[in-house]
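Scroll down for the structure; my scribbles are underneath it.
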Amino acid sequence: MAAVGAEARGAWCVPCLVSLDTLQELCRKEKLTCKSIGITKRNLNNYEVEYLCDYKVVKDMEYYLVKWKGWPDSTNTWEPLQNLKCPLLLQQFSNDKHNYLSQVKKGKAITPKNNNKTLKPAIAEYIVKKAKQRIALQRWQDELNRRKNHKGMIFVENTVDLEGPPSDFYYINEYKPAPGISLVNEATFGCSCTDCFFQKCCPAEAGVLLAYNKNQQIKIPPGTPIYECNSRCQCGPDCPNRIVQKGTQYSLCIFRTSNGRGWGVKTLVKIKRMSFVMEYVGEVITSEEAERRGQFYDNKGITYLFDLDYESDEFTVDAARYGNVSHFVNHSCDPNLQVFNVFIDNLDTRLPRIALFSTRTINAGEELTFDYQMKGSGDISSDSIDHSPAKKRVRTVCKCGAVTCRGYLN
């Protein structure tokens, strides 16, 4: 259960001292509603099917074991098919059954004989696990959308295995500095332009070109920093030089990959080439701390460290525990996203924001990827990687499948 006031003070929680079933029983006994555990005014005194657990045939009548929403498993009951008005759940039950049978037959789908009177315990157990997984993923999806501060929606999908939400991941929208690191989030100066597209603006003050064209697409080469208008600028929110700060505009889906790469991210809408897609955020730590954590991550076979080496190599972004959708974006040696360094309110060149832009048109349903070796400088040479404190460790085999695959993530 979330601790009181946790939302206001940041992402933290404590373990629940009792089971979900016990909480539901207590709520019903005291006539209390609690949406987070499924107790609502609608089902406080009524019964609503949450999912179907099992199946049997008795005297030629079909029965399903029903889990009632907001009620503990001890109240599950067998109900005749004719009494069930939940076609979607019935279809889901059937799909899960066939998926399980396909898996045990190594991909060869089979149709169970009509004279089967009961389900095998292993099938029923799998169906219940899938139902509980869907509920957990839906709750996680709802939480992600409550925490995000951008326009694009976040969806979660797993049709591959029984993996549920990550147990130790907290969604954030901006950098989270580690103790001892200070982030300046207020610019010292801003422009007074009436039209930032044509007038000398923040990029010119920094000695670089305006990063975007009139279609909000990036026009500068990789390695060139982006300087957007900031909180001290006189221009409004429709300024053509305010793109990254508006956040992700596209609806994205965190999905389970089928080739052993864990979670991935795909777009649900078409993304034009050279468009801003998302920021890479996480905990900002020192490079020394990154080296220490990196040894631990290597043993687990994960890679979430991103060196902020635009001008120096003092800091690293660690998205292992704290991050946004970018935490789940997979590596590819032939990616469709490109890294750029961005400066908005914090102009400290040691601490650029990391933005990911599309390198080409990305169609709806296509997975988003970026090159884990690519930096905001545009450099992907092996020399720059070997000398990076966050990368100078055990090499991880790459599974991107690209024709140009280098064989390793780092």
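Heads up, residue numbers simply count up from 1 along the chain you see.
Backbone N, Cα and C atoms are what each Cβ position is placed from, and that goes for glycine too.
From a predicted model like this one, the values you see are computed outputs, not experimental measurements.
Annotated domain 'Chromo' per Swiss-Prot: 47-105, in sequence order, evidence recorded as sequence analysis. Per-residue pLDDT, averaged over the domain 'Chromo' (47-105), rounds to 94.
In the domain 'Pre-SET' (189-247), the DSSP tally of helix, strand and coil residues is 7 helix, 4 strand, 48 coil. The feature domain 'Pre-SET' is assigned by Swiss-Prot to 189-247.
Per Swiss-Prot, the feature Zn(2+) 2 binding site maps to C191, C202, C229, C233.
There are 24 other CB atoms within 10 A of the CB of C201 (Zn(2+) 1 binding site), with all protein chains counted. Annotation source Swiss-Prot lists Zn(2+) 1 binding site at C191, C193, C196, C201, C202.
Around C235 (Zn(2+) 3 binding site), a 10 Å sphere centred on its CB holds 22 further CB atoms from the protein chains shown. The annotation Zn(2+) 3 binding site is assigned in Swiss-Prot to C196, C229, C235, C239 on the grounds of similarity to another entry.
Look at Swiss-Prot and you will find 250-373 tagged as domain 'SET'.
Under the heading S-adenosyl-L-methionine binding site, Swiss-Prot lists R261, G262, W263, Y304, N330, H331. In the three-state DSSP scheme, Y304 (S-adenosyl-L-methionine binding site) falls into the coil class. For Y304 (S-adenosyl-L-methionine binding site), the number of other Cβ atoms no farther than 10 Å from its own Cβ, over all displayed protein chains, is 22.
Of all Cβ atoms in the shown protein chains, 14 besides its own fall within 10 Å of the Cβ of C405 (Zn(2+) 4 binding site). For the recorded site, C405 (Zn(2+) 4 binding site), the DSSP three-state label reads coil. Positions annotated as Zn(2+) 4 binding site by Swiss-Prot, on the basis of similarity to another entry: C333, C398, C400, C405.
Residues or ranges marked as phosphoserine in Swiss-Prot (evidence: similarity to another entry): S381 (among others).
Per Swiss-Prot, phosphoserine is recorded for S384 (among others), and the stated evidence type is similarity to another entry.
Annotated phosphoserine per Swiss-Prot: S388 (among others), in sequence order.
Annotated domain 'Post-SET' per Swiss-Prot: 394-410, in sequence order.
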Quiz item: CA-CA, which of the binding-site residues C235, C239, G262, H331, C333 lies nearest C191 (Zn(2+) 2 binding site)?
Solution: C235
Quiz item: Taking C400 (Zn(2+) 4 binding site) as the reference, which of C202, R261, G262, H331 (the binding-site residues) have a CA within 10 A of its CA?
Solution: R261, H331
Quiz item: What is the total of other Cβ atoms whose distance to the Cβ of C233 (Zn(2+) 2 binding site) is within 10 Å?
Solution: 21
Exercise. Name the one residue among C229, C233, R261, N330 whose Cα is closest in three-dimensional space to that of C239 (Zn(2+) 3 binding site); these are the binding-site residues.
Key: C229
Quiz item: Relative to the Cβ position of C193 (Zn(2+) 1 binding site), how many further Cβ atoms are located within 10 Å?
Solution: 18
